[in-house]
Structures are given as C-alpha cells and as structure tokens.
Amino acid sequence: MPKVLLHDIEARRALARGVQKLAAAIESTLGPKGMNAMVDRPIGTPIVSRDGVTIASEIELPDRFENMGAQVVREVSMQTNEVAGDGTTTAMVLANGLIQGGVAALERGAKAVDLCKGIDRAVEVVVESLKSAAIPVSDRRTLQAVATIASTDSHLGDLIAEAVERVGKDGIISSDYGLTTSTTLEVVEGMSFDRGYISHHMVTDVEKMEVVLEQPYILLTDLKIKAPGELAAVRARVAETGKPLVIVAEEIAPEVVVTLLGEGNRGKVLVVNPPDYGHWRKAMMDDLAIITGGRVIARELGGMLEEASLADLGTARQVRASARETVIIRGGGDDAAIAARRQQVAKQHDLAPPNIEQDKLKERLAKLSGGTAVIFAGGVTPVEQKRTIQLIDDALSAARAAAEEGIVPGGGTALAQCAPVVVRALGNINGDLGEGIKLVRETLSRPAAFIARNAGHDAAKVVAELQSSRAGVGFDAANGVFIDMVSAGIVDPVRVTYTALRNAASVATLVLTTNTLVADVPEYVDPTQGPALGGGAEKLGRA
C-alpha cells in the first residue's frame, strides 16, 4: 500500500497537535471540581467519565499523523494506570506540557538530544526528592484517603482500606461481580488454596456443605496412598490425642477413602488434593509445611507414611473446606520460619521476569501473608458493575503503592514544590541541557494549575503562592483554601506521582527525537458504489 511521509519540524508539529487535542479532552477533568467528558458509543448510551484513561482509550483522531501523537500519549496513561493505579490524567497533563514546550524549543534551534538529556536529569532529581520526602503509611485513615481519591468513592475507599488492614499489603485482594446492588467485602483469614474435599461424605456442616475441623493435625505427602494400612500407624497416633486429621495427598486409592469414611469418622478426617501442578505444587506443599509447622513426607527423600510421627504433622487452629477450596486458619508454624520463607519468596519475585512465574510467586507471597479478601462489585447492570470493578482495581493499586512506598501531599502540591529543588540542584547548567531542565521545572506546576483553574480559581496566583508556601501546604481546590494537605487527607502515593512524571518524560523524549512519520495513504471511497441507501445519493448530497 502507498505511504505518505512527514519530516522534521512538520512531523513533530503534527504529533504535538495530536497530543494537544487529546490533552484538551482530559485536562478539564482534573481535580475535585473537574468537568465530565461524554463519549459517544455506536450502541447504547454515551459514556460519562472523569477518568483520564477511560476517556483517552475512546479517542481516535481523523488525521493519521496527529493520531500517532494522541495514541503515544494514551499509552502513557495506560502504563501509569498499570503500574500505580492512578495518576493517568496527571501523566497526560505533564506529557502535554513537556511536548509543547519541547517542540517550541526545537523550533528556536535547540538540539533534541541535549534537550532530552536535560529533561531526564531534571526528572531524576525530582524523583529522588519525592522519594526522600515520602511519608510512610501507618494508619487506616491514610489508606482510606488514598483509595477514596483514586476511586472517587468514599465507600470503596473504606472497603479497600479495611481489606488491606485485615490481610496486609501482600495479601490477596481481588474484585468480582456481586449478586446484589451493594458493593461488599468478604475476608477469609488464613492460607487458602483452590482444592476442596474429595468426598461430600466428609461434610460436617450440611447447610453450607463444608467440612470444619477444629485444631486438627495435618499430614502432607506426595506419596501415592494405595492401601489403608499405610495410614494405620499415623491415624492411631492422632486418635490418641482426640484430634481430627487432615490429609493433603497427591493420590489416594478409593479403598483407602472408603476406610477413612467408615467407622464413624465423620468430623474426624478430611482428605484434600494438594494445590497447583508440577514444580509449583512442590513449592506450595513446602509453604504449607512451614505455615503449619510440619514437614512434607516426600518420595524423593525416602519418606514412609508408616514411620510418620506427630512431630512430622502440621497443626492449625481450624481447617475449613468446601467442594472447591480449603482454608487453613492460624497454622502452627514458627513465625520466624514463616517470615524467612516470605522473604525468600519475595526475593524470587523481585528477580523473576514479568510473566506467569512472577504471578505465581506473587500468589505464594500473598498466601504466606495469611489472608485473602474479595470486594464484590454491586450494581443494577453488568456495565455498572464492570465500571465499579475498574475503580476498585485502580484504587487497590494506589492503596498498595501507598502502603509500600509512602505518600506525598496531593493536589499537585508535591510536584509544584519540587521546582525549587531542581533550581538548587541544576540551576547552574546552561545551553540546551539547561533548556530541558527549565522545561521540566516549568511543567511541574501544570497539574496544580489545572486543578485550580477547573475549580474556578486564578491558576497563576495559586501556583505562585503554592511555591512560596512551606512544604506540605497546598491548595484545597474543593474549598478554595491553602491547608496542610496530609493532615486534611489530600494525599497521593509517591509511586503514582513519580511514575506519572517518568512516563510523561519518556513519551516527550520519544516525540522530540522523532524526525519522520510514515502512514498509509487514505483510501478514497466512492460514495456511489455499494449498497448504500438511495444508491449513495444521500452521501453525495452531504458532500
């Protein structure tokens, strides 16, 4: 197919126009008094949203070259959302400022490479300043504030803060479609895995179809249990204590199950299959052993069930099992051993490539942390529930980011107050490098300026007062006053703030160092061809 090309400054101008058009649709949504954007859909009612990534994902520009710029910046918002869960609009506001100012600098004769080096140096100074100023999160109130700002819903913020508080920042917290119109939280304490009882004849709670065993011993093995006699010795030892027995075994013969179910053993024994498959199963069994304080009677170590003693068995305060899931609550493992195992898995997770292996390690880390939570999204329609799930996921990412790396004053305050830091660190650098540094310094105040402008205030006055105020004092756009932002609960996770800036600088560097654009030649469609109504005459009439 024939191509059309655009070169040099005309190419960068086209990209900048596309970025500006996309940003114009996003910038007015920023802040507590930002306006909505309404997006038409081919079927159904329009989307009404103030979420930057939602709006950006719906925008395609008719000019192919301008659309390239819009799509590149849209990717910035999506990357920011994926990493930090929030800050999508801020990332696009920053990117637009850097790109428009950068293109203007290039037209004045600046060299793109030096300009971009200056941008990168200034950004890293700001990132280090933000990280060093981050305030650790130590209370539920702050987590709730972060989640509420990210989701724009105080109820969701409260549920997410409760979930993080109850299962920990490394615990499993997921979202799902609810069965009612209300959004609710369900928390399961302990380690859970997706394997249930192997026979419903083991059930102790008929109404819930669950097996609930109090203070059981837990036998873990990868051996194939072929005959009832293999378990006779260990069952006798457990029976002497008067406690029930949970067996987690890879394979157990039907005649063994029949023997276990007989003799009035309901409520005294539970058999479940081990979690996962392959080498992940072995790792999960080892995790279970550490959590419960037992050991895996393993084939490769020459283990024999007949020789198993009570010291080889794990314990727990309670074990609950349904047809699909087993939960071990308050395992009897040593706290120091569990912490060491968690640290080991966390290190493996950090070194693993971002694929299925990292996901599995993250799942193991969460299980070792001792809890799972599910937030069920309520709503009248599936569309409403889907939107709620998106908000939950974004707010959850933001809350976790805050718990892991801390918070900074929100409302654009932290970025705006980093401008003097850039001056002190890099103010003596001139030339094109200095031009890039100056560009970052001027762009840092843009989010605060748009928040003030969208609330009906004089952006220039607000920014000037903001940069002269003491650290942490920012502009509460909702009430039109300057206050201590952290005390007021107007905060952002530091990861959200520096990720937005880094991603904005990355895309700006890409645009400013682009010299050629290549696109397909638009195809001419003859309106008189095809089965259009009226033979195409209605199209000719519009033309």
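The backbone N, Cα and C atoms fix where each Cβ goes, glycine too.
Under the heading ATP binding site, Swiss-Prot lists Thr29, Leu30, Gly31, Pro32, Asp86, Gly87, Thr88, Thr89, Thr90, Gly411, Asp476, Ala477, Ala478, Asp492. When Cβ atoms from all protein chains are considered, those within 10 Å of Gly31 (ATP binding site) total 23, not counting its own.
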Can you tell which of Thr29, Thr88, Thr90 has the least company, meaning the fewest other C-beta atoms within 10 angstroms of its C-beta, among these binding-site residues?
Thr29
Three-state secondary structure, which DSSP defines for Asp86 (ATP binding site):
coil
Coarse DSSP state, helix versus strand versus coil, of Asp476 (ATP binding site):
strand
